[in-house]
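Chemist: Dropping a structure here in structure tokens format, bear with me for questions.
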Amino acid sequence: MSKEGLPEVATIDATGISVAVISATWNADICDRLHERALAHAQQLGAEADGFRVVGALEIPVAVQEAARHYDAVVALGCVIRGGTPHFDYVCDSVTQGLTRIALDTSKPIANGVLTVNTHDQAVDRSGAPGAAEDKGVEAMQAALDTVLQLRNIKERASKRGL
């Protein structure tokens, strides 16, 4: 289980941080839960969060790119379940590369909470469902908000040193 090795993360105060959540609607039972739980976690931490929905995983990067122009951070959520063709690999690679490029191009946190799983049961177990081992929507939100604070800390320290 990928939960092994997950670091303990301190509770953060995300007051004043704006975050967009971009979620696919494909595999709705999974994506709806990821979306709702990520937004609820942002609200719990004090962030200003807005949610947006796109059809599938391939539409996520372009919506994330637009959101990154307006928000401090973006959380991308979706669920790609392996089928019998190579399409799974193309979709997963495309989404991951797109999100990484956007983060580097904008210098903004883009949290990748797009599940890439072999079975629907694996997706449920990572979606924050009752009894699930993991909650990737909450984890992605936590990572995005924490990274905003860390980037601000880096800028502040560099500025104090005249860098």
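Any Cβ shown, glycine's included, is placed from N, Cα and C.
Note that the coordinates shown come from a computational prediction; the quantities given were computed from them, not determined experimentally.
Annotations per Swiss-Prot:
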| type | residues | note |
| --- | --- | --- |
| BINDING | TRP26, ALA57, LEU58, GLU59, CYS79, VAL80, ILE81, ASN112 | 5-amino-6-(D-ribitylamino)uracil binding site |
| BINDING | GLY84, THR85, ARG126 | (2S)-2-hydroxy-3-oxobutyl phosphate binding site |
| ACT_SITE | HIS87 | active site, proton donor |
Chemist: Would you mind ranking the binding-site residues ALA57, LEU58 by how many other Cβ atoms sit within 10 Å of each Cβ and giving me the lowest?
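Modeler: Each of the binding-site residues ALA57, LEU58 was scored by Cβ atoms within 10 Å; lowest is LEU58.
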Chemist: Out of CYS79, VAL80, ILE81, which has the highest number of nearby Cβ atoms, where nearby means within 10 Å of its Cβ, if these are the binding-site residues?
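Modeler: Of the binding-site residues CYS79, VAL80, ILE81, the highest Cβ count within 10 Å belongs to CYS79.
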Chemist: What's the most sparsely packed of the binding-site residues THR85, ASN112, counting other C-beta atoms within 10 A?
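Modeler: Sparsest of the binding-site residues THR85, ASN112 by Cβ contacts within 10 Å: THR85.
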Chemist: Let me know how many other Cβ atoms fall within 10 Å of the Cβ of GLU59 (5-amino-6-(D-ribitylamino)uracil binding site).
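Modeler: Within a 10 Å radius of the Cβ of GLU59 (5-amino-6-(D-ribitylamino)uracil binding site) lie 17 other Cβ atoms.
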Chemist: Which of the recorded positions THR85, HIS87, ARG126 has its Cα closest in space to the Cα of CYS79 (5-amino-6-(D-ribitylamino)uracil binding site)?
Modeler: ARG126
Chemist: Quick one: Cα separation, ASN112 (5-amino-6-(D-ribitylamino)uracil binding site) versus THR85 ((2S)-2-hydroxy-3-oxobutyl phosphate binding site), in Å?
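Modeler: Taking the Cα atoms only, ASN112 (5-amino-6-(D-ribitylamino)uracil binding site) lies 23 Å from THR85 ((2S)-2-hydroxy-3-oxobutyl phosphate binding site).
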Chemist: Give the maximum pairwise CA distance in Å, whole number, for the residues GLY84, THR85, ARG126 listed as binding (2S)-2-hydroxy-3-oxobutyl phosphate.
Modeler: 23
Chemist: Find the one among the recorded positions GLY84, THR85, HIS87 whose C-alpha lies closest to that of LEU58 (5-amino-6-(D-ribitylamino)uracil binding site).
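Modeler: Comparing Cα positions, the candidate nearest LEU58 (5-amino-6-(D-ribitylamino)uracil binding site) turns out to be HIS87.
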